[in-house]
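Asks: Take a look at what Swiss-Prot says about it:
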type: COMPBIAS; residues: 1-21; note: compositional bias 'Low complexity'
type: TOPO_DOM; residues: 1-88; note: topological domain 'Cytoplasmic'
type: REGION; residues: 1-59; note: region 'Disordered'
type: MOD_RES; residues: Ser21; note: phosphoserine
type: MOD_RES; residues: Ser23; note: phosphoserine
type: COMPBIAS; residues: 43-59; note: compositional bias 'Basic and acidic residues'
type: TRANSMEM; residues: 89-109; note: transmembrane segment
type: TRANSMEM; residues: 120-143; note: transmembrane segment
type: TOPO_DOM; residues: 144-159; note: topological domain 'Cytoplasmic'
type: TRANSMEM; residues: 160-181; note: transmembrane segment
type: TRANSMEM; residues: 194-217; note: transmembrane segment
type: TOPO_DOM; residues: 218-225; note: topological domain 'Cytoplasmic'
type: TRANSMEM; residues: 226-248; note: transmembrane segment
type: TRANSMEM; residues: 296-312; note: transmembrane segment
type: TOPO_DOM; residues: 313-338; note: topological domain 'Cytoplasmic'
type: TRANSMEM; residues: 339-358; note: transmembrane segment
type: TRANSMEM; residues: 373-395; note: transmembrane segment
type: TOPO_DOM; residues: 396-413; note: topological domain 'Cytoplasmic'
type: TRANSMEM; residues: 414-435; note: transmembrane segment
type: TRANSMEM; residues: 447-469; note: transmembrane segment
type: TOPO_DOM; residues: 470-529; note: topological domain 'Cytoplasmic'
type: TRANSMEM; residues: 530-547; note: transmembrane segment
type: TRANSMEM; residues: 567-589; note: transmembrane segment
type: TOPO_DOM; residues: 590-596; note: topological domain 'Cytoplasmic'
Amino acid sequence: MGRGARAAAAQSRWGRASRASVSPGRTIRSAPAVGEAQETEAAPEKENRVDVGAEERAAATRPRQKSWLVRHFSLLLRRDRQAQKAGQLFSGLLALNVVFLGGAFICSMIFNKVAVTLGDVWILLATLKVLSLLWLLYYVASTTRRPHAVLYQDPHAGPLWVRGSLVLFGSCTFCLNIFRVGYDVSHIRCKSQLDLVFSVIEMVFIGVQTWVLWKHCKDCVRVQTNFTRCGLMLTLATNLLLWVLAVTNDSMHREIEAELGILMEKSTGNETNTCLCLNATACEAFRRGFLMLYPFSTEYCLICCAVLFVMWKNVGRHVAPHMGAHPATAPFHLHGAIFGPLLGLLVLLAGVCVFVLFQIEASGPAIACQYFTLYYAFYVAVLPTMSLACLAGTAIHGLEERELDTVKNPTRSLDVVLLMGAALGQMGIAYFSIVAIVAKRPHELLNRLILAYSLLLILQHIAQNLFIIEGLHRRPLWETVPEGLAGKQEAEPPRRGSLLELGQGLQRASLAYIHSYSHLNWKRRALKEISLFLILCNITLWMMPAFGIHPEFENGLEKDFYGYQIWFAIVNFGLPLGVFYRMHSVGGLVEVYLGA
């Protein structure tokens, strides 16, 4: 009975609810419940859609899985870079240890000549030369002939002026050893035969090294990289030790001076030594040749070190194919400049006159004071002019529209380092001269000229370095020259003609030169004038110390102040660097001229 009553009550409630839903004017209470049910059913679908979108976004941001080939190739590249760094580190440590060992021998010879003699140092250097010589021959005969050994060449390495200087100084060093052999043979009664052996080994080493560096200085070796790096560093360390020995060893100079003193005593009838040359004329030629060519040996060692370092950096290097497709620099054409070459030629002519007069006077027993005055007066006139030209060029660089070349360039970085490092040679001599003059006799005319020369030399080096480095970091204008114009000019073949046509062609060429000069931008024109003027001035200042004019050592002021051996080491350290600086400056100024 109770269950039936509950069922009837439920039916009655359902009936009332249905009547309320259909009666007009009443609020529908059941509709929200239906909507809530629909929203409840749609909520899982929305959550599913949100989860799918989040998964898609996560999949888009998640790094893609690389294929096995890409991962394997990346691993090989990383291993190759690590192996290259390890090879560079090991070869650098090898060179460092060889230099320290040789430096210890040379310092021991200087400070304790009884325990370590010059012969011991020569034995060590001869061993290093033989090892380097064997590696050079192996490199040419085996390494470079292997398949895919040299696939690329660095177009910026080994420019023509570097290779030309290498051959020039190598030839002078070879002749220096010939003079040394002749001098030793003429004194064979009191000379060790080992000296002849050492000179012959050095001649063979210089000849082979010059030939290999001339031929292979641009190589980017891809096989036997570690062995090649070690061989290059061993050869570099050998050249560096030869330079250190040439700077510090004054035994040959002292021997020549002692022999000249003996000859003077013999002429007065007080002969005390029988170890004299039998042929006086030949010995005089050997002595003069040795003293004149001695600075070239140090310059040769420095250039070899620079070339070997570039080759060491290029081992295992991959050069992009487009780097060798076009020339690294524009062809050199002398146009757009008139006054700079004229002033430079005047400086060159005056420098040749001073050089000839000084050399003629130096052939006598003593050099008169007026020739030192003439030499330093020439420098005091030229150096401030060069400094002003460099400062003007640096200011014009700041006004130019050309962009800075910010692309990483190892060759340009090495050029800047060599330029700054080579400038330390002459600047060091200048600072030592300033101290000696101020401490002794600053009131004499010659000493005042030397003081002014030293100060102006320091200023000129600083100004010229600023000008060259600023020019090297500017983007060259020849890179943006339209190729169609160049192709159009090159497309016209040369043709023969009569003398009348030749004269008309020369007239047109001169008119075109004047036209191009008048239509050049004034900034470009000024840079071309300054660059050509500085090129000729640096050639003049390179020629005078390179071919035997060394007033820094002959005037006697600094030699008396510091002592013979110390001043000998200072001059032989600074003069070769100074000659190398002038040469390197000419190369940098040519690039600045071409870039303008």
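All positions are counted from 1 along the displayed chain.
Yeah, the Cβs are placed from backbone N, Cα and C, and that goes for glycine too.
Values in this document were obtained by computation on a predicted structure and should not be read as measured data.
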Asks: Do at least three CB pairs under 8 A connect the transmembrane segment (89-109) and the transmembrane segment (447-469), leaving out pairs fewer than 6 apart in sequence?
Replies: no
Asks: Quickly jot the same-chain residues contacting the transmembrane segment (414-435) by Cβ under 8 Å, restricted to those at least six beyond its ends, or write none.
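Replies: Result: 302, 306, 309-310, 313, 450-451, 453-455, 457-458, 461, 465, 468-469, 472, 552, 557-558, 562, 567, 570-571, 573-578, 580-581, 584-585, 587-588.
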Asks: Checking distant contacts: for the transmembrane segment (120-143), what same-chain residues at least six beyond its ends satisfy Cβ-Cβ under 8 A?
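Replies: Same-chain residues near the transmembrane segment (120-143) but 6 or more away: 98, 101-102, 105-106, 109, 149, 194-195, 197-198, 201-202, 204-205, 208-209, 212, 215-216, 221, 223-224, 227-228, 231, 234-235, 237-238, 241-242, 245.
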Asks: Are there residues at least six beyond either end of the transmembrane segment (339-358) with Cβ under 8 Å to its Cβ atoms? List them, or say none.
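Replies: Contacts with the transmembrane segment (339-358): 367, 371, 374-375, 378, 382, 528-537, 539-541, 543-544, 547, 549, 551.
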Asks: Looking only at the topological domain 'Cytoplasmic' (144-159), report the model's average pLDDT.
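Replies: Computed over the topological domain 'Cytoplasmic' (144-159), the mean pLDDT is 78 on the 0 to 100 scale.
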